[in-house]
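Right, one structure below, let's go through it.
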């Protein structure tokens, strides 16, 4: 069932993807749960019902003492019979809208929905496929390809849509199945405990007088007695108990869920739509959250700062060497100039003047070399000073984290 949000449309009978397979709606609208094709969930349901009924009334209830045996037949038989009736009614009822049932010919094929002509299947309470006016809570089911009044959901276990016409029969089916599972578990546990404590209590039927072996048991009493060994009874009991427990868990959850829906005055369809809207709003809120964007910006800034910090360290080192060289050369030049002036007064000026000129020449070449190695040392050093350090990034992140926590608490 393809559900779509909207006030007038729930399901569009178009080709949809289900488990990566293209699923087309049936061309002929389905009348009820017995319309072909039958769903394999429906077949499994009836097979389990027949199997559990046979095991309950044919194997385990005959093990009970006479006083408990007749009570179990009445109580368990009443629950199973009630379940059978409501299950059949829920499957046989046509849950379609009243106008659909009056005006629709189920033998005629349904047209395919053309979205280029209409945005939704149902618009202004008119179905463009069924060609009838429907109620406000009517939805068009893709599995049945018809409008269902008071649409709740399409149940694969009864192979029919659940709407306002058959909802309470469906609810009674789930409730009676849960009650029957509980009765069967109680009977199985009693038989198991008595077999471990006092097996003779389970052999009260008069036909056991002819059975001498204590490991031989009679099944399907009193109509068709069949002698089997203890191992066979234990295997059947464990399988039935496991199947009963799994069914009870599934049916119990389903029953509690529908009790919750009735308390909230909602349908299954409305519950699913509301959940989808809440999830969509949460995703949009996360995308628009400024604190999430701030955290991403801080991380990006931190990654850039690490690179710029490394460049800044190199720039500062080269600039420091450049400054020391120039300072050294300046001091040497000054010493050289003074030495040269003293050399003019010295009786041997030629030797001292030559040394001064050589010193100045060496210093000039060193300064030129350092300038070529790092011509933009000043600008890179300034960039390194302006780049945020690791401690600064940590302070920014610690500052933003409490703000994000407060925002999350306010949203909750």
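Every residue, even glycine, has its Cβ placed from backbone N, Cα and C.
What Swiss-Prot lists as active site, S-palmitoyl cysteine intermediate is 155. Sequence annotations record features per position, and here Swiss-Prot assigns compositional bias 'Polar residues' to 389-400. Per Swiss-Prot, the feature compositional bias 'Basic and acidic residues' maps to 401-412. According to Swiss-Prot, the domain 'DHHC' annotation covers 125-175. The annotation region 'Mediates interaction with IRF3 and STING1' is assigned in Swiss-Prot to 198-412 on the grounds of experimental evidence. Feature annotation from Swiss-Prot assigns region 'Disordered' to 374-412. Taken from Swiss-Prot, the feature topological domain 'Cytoplasmic' applies to 1-42, 91-176, 252-412, supported by a curator's inference. Here Swiss-Prot flags 64-69, 198-230 as topological domain 'Lumenal', drawing on a curator's inference. The transmembrane segment annotation in Swiss-Prot covers 43-63, 70-90, 177-197, 231-251 and is backed by sequence analysis.
Residues 187, 190-191, 201-202, 204 of the same chain, all 6+ positions outside the topological domain 'Lumenal' (64-69), place their C-beta atoms under 8 angstroms from a C-beta of that stretch. Here the transmembrane segment (70-90) does not touch the transmembrane segment (231-251). Their Cβ atoms form fewer than 3 pairs under 8 Å, with each pair 6 or more residues apart. Using a 10 Å radius centred on the Cβ of residue 155 (active site, S-palmitoyl cysteine intermediate) and all shown protein chains, the other Cβ atoms total 23. Non-local neighbours of the topological domain 'Lumenal' (198-230) in the same chain are 58-59, 62-66, 191; each lies 6+ residues outside the stretch with a CB under 8 Å from one of its CB atoms.
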